[in-house]
Amino acid sequence: MEPRVSVAEAVSSLTIADAFVRACVGPAPPRPALPSRFICSFPDCSASYNKAWKLDAHLCKHTGERPFVCDYEGCGKAFIRDYHLSRHILIHTGEKPFVCADNGCNQKFSTKSNLKKHIERKHENPQKQYVCNFEGCKKAFKKHQQLRTHQCQHTNEPLFRCTHEGCGKHFASPSRLKRHGKVHEGYLCQKGCSFVGKTWTELLKHTREAHKEEVTCTVCQKMFKRKDHLKQHMKTHAPERDVYRCPREGCARTYTTVFNLQSHILSFHEEKRPFVCEHAGCGKTFAMKQSLMRHSVVHDPDKKRMKLKVRPPRERRSLASRLSGYVPPKGKQEPDCSLPNSTESSSSPEATMLAPAALLTVH
């Protein structure tokens, strides 16, 4: 009997299992599976999980809900898992934290899986690695899924085919078939109406427009239609606000948002206003596209216009009142101290004599 191998020898061998076999030691017993305590309550579904977050992610497949929403302005994409959202946010930030450590490469990637694919294709086996093993073929492919799709030509096996009546479309992978299935099933609105969206984005758009839930600022009670707008507004109440100073020489203007600073530089310093209102008779120009979109509401009768606080027109004061220095209280109409008109003066000599006196007696 050969002596038992050390741990170092076992690790350095091809597999730990081979080392145990050579040492006449049986393989380690499998780890006991954790009990599935979290069971799906939907009818005709027997899925169960050992962790609550796994069940939550599974339930989203039934409800169509995507609870993790990107709060970047103008985005609004939603995801089932929190790490999917974290991965998506890298698109906005441009961050690529995963770097290839191969000599002379240093290529960066936003996800670990993309880095792994890069290493497999470019460094471990830069040649096409998936070869068809059917007799007389030997075609090679870079991706395993491409090989599987190709082999269907040899076996005449149907690809992943849609079973919906009247469709018959087929796909190269089950994930693509599942994604296609939503075209027939759709995304049902969960707000009590019968709307069914063909895509998740379409459902989100419907929810924003048909089921607007305004959110309120807890400080000033101002209301907003979107949470990201409220989040941006809350910065105005922060004790220490970020201030963005104009970098142009001789300009001391400051702004609380990058958007306003960019708009200032483009319109004031560079005199660039490329976005023109195309409404007939308007022709106003703007430095930023968002500013043009905000302005377009003025021309759209179907949209709610901004409720501006309009000051009531100031009453015209008589010459006598202005000369007297008398200031009438706000909200009250001042007494009529106007001078008589020319026709009255000509017809009444008494009025002509009293007119200069009126200027001196009003207090």
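Any Cβ shown, glycine's included, is placed from N, Cα and C.
Going by Swiss-Prot, these are the annotated features:
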ZN_FING   38-62  zinc finger
ZN_FING   68-92  zinc finger
ZN_FING   98-123  zinc finger
ZN_FING   130-154  zinc finger
ZN_FING   160-184  zinc finger
ZN_FING   187-211  zinc finger
ZN_FING   215-237  zinc finger
ZN_FING   244-269  zinc finger
ZN_FING   275-299  zinc finger
REGION    301-363  region 'Disordered'
COMPBIAS  338-350  compositional bias 'Low complexity'
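Here the zinc finger (215-237) has Cβ contacts under 8 Å with residues 71-73, 208, 256-257 of the same chain, all six or more residues outside its ends. The zinc finger (68-92) is in contact with the zinc finger (187-211), judged by 3+ CB-CB distances under 8 Å for residue pairs 6 or more apart in sequence. Listed as Cβ neighbours of the zinc finger (98-123) (distance under 8 Å, sequence separation of 6 or more from its ends, same chain) are residues 87, 90-91, 129, 142.
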